[in-house]
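Some features that TrEMBL has for this protein:
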BINDING   G232, A233, A234, G235, S236, G237, K238, T239  ATP binding site
COILED    4-38  coiled coil
DOMAIN    211-639  domain 'UvrD-like helicase ATP-binding'
Amino acid sequence: MINEKDWKQEQERLEQVTEKLQERIAELEPEVAGLRNQAGDIRKRFWEEVTVNTSTQEDFEETFYSIKQQEALLSERERSYRLRMQQWKGMKRLLKSPYFGRIDFQEDGLGFSEQVYIGVSSFVDSDGMSFLVYDWRTPIASMYYDYSPGRAAYDTPGGRVEGTMELKRQYQIRDGRLLNVFDTSVTIGDELLQQMLGMGADSQMKSIVATIQREQNAIIRDDTSRMLIVQGAAGSGKTSAALQRVAYLLYKHRERLKADQIVLFSPNPMFNSYVSTVLPELGEENMQQTTFQEYLEYWLGTALRLEDPFDQIEYVLTEQSTREYEARLQGIEYKASGAFLQALRNYAEWLGREGMRFHSIRFRDRDLITVKQMEDQFYSYDPSIRLANRVDLLQQWLLQELTLLERKEREELWVQEELNYLDKEQYVAAYNELNKTIGVFAFAEQYEEVQEALSNKIRRDERDFDYAEREEEVLRRMVVKEHFQPLRRSVKRKAFIDTVGLYAQLFGDKDVYRTMTKGSEVPEHWPDICKQTKEQLDRHELFYEDATPYLYVKELVEGVRMNTEVRHIFVDEGQDYSMFQYEFLKRLFPRARMTVLGDFGQAIFTQSTQLDGEDSPLTRLYGESDTRLIRLVRSYRSTREIVEFTRSLLPGGREIVPFERSGKKPLLSRADSGEQLAARMAEDLAALQAEGFASIAIITKTSAESLEAYNLLTAQGCPSLRHITKQTPTFEKGTLVIPAYLAKGVEFDAVLIYDASSRTYHRESERKLFYTACTRAMHRLLLYATGEWTPFVQALDASLYEVKCI
Ligand SMILES: Nc1ncnc2c1ncn2[C@@H]1O[C@H](COP(=O)(O)OP(=O)(O)OP(=O)(O)O)[C@@H](O)[C@H]1O
């Protein structure tokens, strides 16, 4: 805390700034209302203000310009309105808490020091020169996050500015009232951070703008890397830093970057709702949020039903270790590997020489264009032309062929038959068409006459228009055209390529596979992997692990569909994506920079990717010189006791550093029967609720176990439990029963691990899932088991937890 004199000065300054803010808001209010009304008026009376006259070319031009002028006026008013509205909203936000930090900085060579107050947006005095508050994203404000008092510097577009930071101060201001002021000497305010972290969990993520840590600031402000990889321990603030980074980018590039040019890939739809308030809280619009699954479904269309990653993980967690199971697991791993990616690239080369798969173009139960014809045509193109370009050529050829075939088809018997059954509307359509045709004929006649007059030729006497004959011709043309329309459409969609066949033919004999893929090696369970994959395809279904490779093959053959608008993509829980998925994202968004945030310690999916280290393929995606890796090792979410417990679950977890916030040690309770345990759990839940913890999760391994826990606890009389499934759309406070894989990325005041026995968590592959579940706890962690504890707990030092006997 600071001395009384300083407190008084700060109090006075806050009053002054508040007053100025109020004045500015009062000034802006009529301006905002005026502009809104003006824009509304212009929109309403738009057509009264323009003179529409198209009688002559001149009148037409005048009308055109008058509309353009009116449009420009309207858009100028709307822009001014939006701008003023934004300012007004910014001021309103500041009014509650104008700033949270201050640094006094003396730039080298200048004889005075400047007081830099930092808040969520800038506020300039009426002179237009002095900043009463600096936006936290301005270059000068970066020193607040990067330095302790002493020598400091910041980068500007004009170069580096060096000097001395003489003071660093933090404020807590709520609803315009000064509650606390801290002077900090070391890194930014552990006191304020302590307070923030000691608070309860929320159903929505909070902005961390006042307490961003130095290493997080590096993530937020990195503006040079094509690929930024953040490997950070559970609770180290990866998601928080990512959202602040979005706000930073939107501010720094506000002239050219819009929120919808940024896409965040979230682990599940519920997570979208969890993070959706951070940016609006900072006065920015939300970026686009989606899941990879949504993307896959969009690109796959309706032809194949796609398994989702949650069903895949349920399978991995619940099935017995049979041969099929081992094969599926091996398949998941192989299909996510760099080796398979290379095999598919080689496969595309092979397809350039042979083996393309097409669907014939069928019409009225016969082949109009056969597969053989298509193959011959396709392989007649110059082999040096890229595969996808040859497909384009084939597409053009097919469209031309269809035009010829359509013409021939008009003479077929079925057309005559169909003519007899045309209804009235179709006749009217034909009649209109006919009139248009007559118009064309008439024009052609006139044209010919003039031509002949000019060249003094004798005209052919063909002036009579045979109406009946023409009518039939038009009708025939119309009927056939209508029937050919779907064929053309499907050729345009490239449906003539048998992508399922192309993908399926990979999964056959090992030697054939090797021939097609330049000698690629296959995993041990290859025959079973092939059988499983083909069975799925036969059912028009696709395993989750097949979706991206399937789309990759489709792309290699059909060409890449790109989105060139998007400039930044963020991948949260990045360890859960395969190299295939990264490759796919890179191709899909060729003009975007990528920020990947993840924790290999929480890699719960079989297809995960190591984010850092020598064997990380991710660092090679854009090349090492364009890639930056930042590691976060300090964990902020949980108390020291919980972090000490959870980090011991992971090999290499010792490097995780807990933030100094103390609480109770994790508590282990064991019982002989499920009922006994449920009764105990119900008691603990009631006690936690009575202590004031508003967000509690009972975390299970699978969804079946969630349902079991929910039923048992409800039977014990636990009130208002919520059972969370993959369909739950939003995240709400309360007491939830949730499978671990859905609790990814979110946090709770207290976590109860439903069944931490060796029966439930025993495979080595489940260690990370168990770790992920335990690391969701902020203040309390309670574990339960009937029978033996999981080996992961058994291996822990007994000083890390307390035991309660039932
Ligand atoms: N600089 C900070 N100031 C205040 N709170 C912070 C800071 N950094 C992180 N936190 C808090 O720590 C908690 C964990 O943050 P976050 O969810 O961003 O971590 P994460 O690395 O994405 O975690 P996980 O990988 O486990 O999902 C949140 O409550 C967040 O508000």
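Note: Cβ is positioned from N, Cα and C throughout, glycine not excepted.
Recorded features from TrEMBL, shown on the structure.
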| residue | record | Cβ within 10 Å |
| --- | --- | --- |
| G232 | ATP binding site | 25 |
| A233 | ATP binding site | 27 |
| A234 | ATP binding site | 26 |
| G235 | ATP binding site | 27 |
| S236 | ATP binding site | 26 |
| G237 | ATP binding site | 24 |
| K238 | ATP binding site | 26 |
| T239 | ATP binding site | 26 |
| said: Based on a Cβ-to-ligand 1 distance below 6 Å, what subset of the binding-site residues A233, S236, G237, T239 would you report? | reply: S236, G237, T239
| message | Under 8 Å between C-beta atoms and at least six residues away from its ends: which parts of the chain pack against the coiled coil (4-38)? | response | 77, 80-81, 84-85, 87-88, 91-92, 94-95, 98-99, 117, 123, 125-126, 132-133, 171, 173, 176, 178, 181
| remark: G237 (ATP binding site) -> DSSP, reduced to three states, gives coil
| Does DSSP give G232 (ATP binding site) helix, strand or coil? | strand
| request: Specify all same-chain residues, apart from the site residues G232, A233, A234, G235, S236, G237, K238, T239, whose Cβ lies within 8 angstroms of the center of the Cβ atoms of the ATP site, ordered by sequence. | output: D599, L632, S635, Y636, R637
